[in-house]
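Encoded as structure tokens, the structure appears first; notes follow it.
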Amino acid sequence: MPGIIDSSSKQSAIVGNSYGSTELSHNVPIPHAEGDNVVVRTRAVSVNPVDAKMMGPYVTAGAIAGCDFAGEIEAIGPEALSWGFKIGDRVCASIMGMNPLEPDHGAFAQHVATHANALVRIPETMSFEEAAALCTCFMTCGLALFQSLGLPGSPVKPSASATQVLVYGGATATGTAAIQLLRLAGFTPIATCSPHSNELVKTFGAEATFDYNDPECAAKIRAFTKNGLRYALDCITNRSSMQICYGSLGRVGGRYTALDPYPEDIAATRKIVKAAWVVGPIMLGHDIGWPAPHGRKADPDLFKFGMEWKKLVEGLMAKGVIKPHPLDVRKGGMERVIECMEAIRAKEVNGKKLVVSLRENH
């Protein structure tokens, strides 16, 4: 087993407790690099809305939370050697934190265990903090845009037609990732956002922006798209967002994909629109043990898509053609992760991706 870790020692990590929430523990075992697992010394993590939603029945006591991390490989399991990684390699990944089926796999730890196939190599020109902010957003967007919505093109094989695609929530981290991918794939992204975020969203590549608080938002999108919009990605997913997306889609209908379960009664208002929602961790190739409606069996086809898409994202990172959302980097250790989750729950985060730097905390 290349790399030696004293797994009898303990580490700091954010774990589930018996009260249905998370807490900082300094008594978490350091994981072994067994089977196809790799252990990474964490240098930065990012905090996503999904992390803040891990409450109540989604919490497994003792399981490590967190999806996005970046760091350096410090141990490699024997079945992971075929992936070509070496000790000291700079890597990042999006994994399934708070996982009842693999409770020792989670990003919010000083030493992260993950299956080798989830890892993405970080280019030398990119910082750990930037890399930690990329994977969940860009992996989920790939699934939503090029698998669920079925867009006819990709960043490496652009569409011949600059078809318009609506990104609802364009100023979110997922929204700016989607806009970049759409541009690279030859599409024309348009987006909803608050007026104060217009310049940010256009900087990432949106052709036009629309104020979601405007009662005429959907009508203005229909006018701009000449009643021909066929694709909508909903990065917010609530009643208002779905109503605007459905009202924006053209007269012949189209496809709508959300990042969370959507209101079925709104979906029923337009039968000519095909609605779907995605769960990013399904691309990792394992069962998802979260409660319904998120829990599900592994899907070999989506795993295959995920591995192909991960390789594509790694290539885009190496070329320097994608960038993270504007970062709010916080220092001070794992306790800052708890603060970030609380800030997301309190809706205090706007236009920034929360990243915790752990470089000085080992």
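Just so you know, the numbers here start at 1 and follow the chain as drawn.
The backbone N, Cα and C atoms fix where each Cβ goes, glycine too.
Note that the structure is a prediction, hence the values are computed from the model and not measured.
The 10 Å shell around the Cβ of PRO195 (NADP(+) binding site) contains 11 further Cβ atoms across the protein chains shown. Following the DSSP three-state reduction, the secondary structure of PRO195 (NADP(+) binding site) is helix. Per Swiss-Prot, NADP(+) binding site is recorded for 50-53, 171-174, 194-197, TYR212, 259-260, 349-350.
In the three-state DSSP classification, GLY142 (substrate binding site) falls within a helix. Note: GLY142 (substrate binding site) has non-local neighbours LEU181, PHE305, TRP309, LEU312, VAL313, i.e. same-chain residues 6+ apart with C-beta under 8 A of its own C-beta. The annotation substrate binding site is assigned in Swiss-Prot to THR136, CYS137, PHE138, MET139, THR140, CYS141, GLY142, LEU143, GLY280, PRO281, ILE282, MET283, LEU284.
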Assigned element (helix, strand, coil) containing THR136 (substrate binding site), judged by DSSP: helix
TYR212 (NADP(+) binding site) in three-state DSSP notation: coil
Cα-to-Cα gap, VAL50 (NADP(+) binding site) vs GLY280 (substrate binding site), nearest whole Å: 10
For THR136 (substrate binding site): intrachain residues, at least 6 apart, with Cβ closer than 8 Å: SER46, ASN48, VAL50, CYS67, ASP68, SER94, GLY280
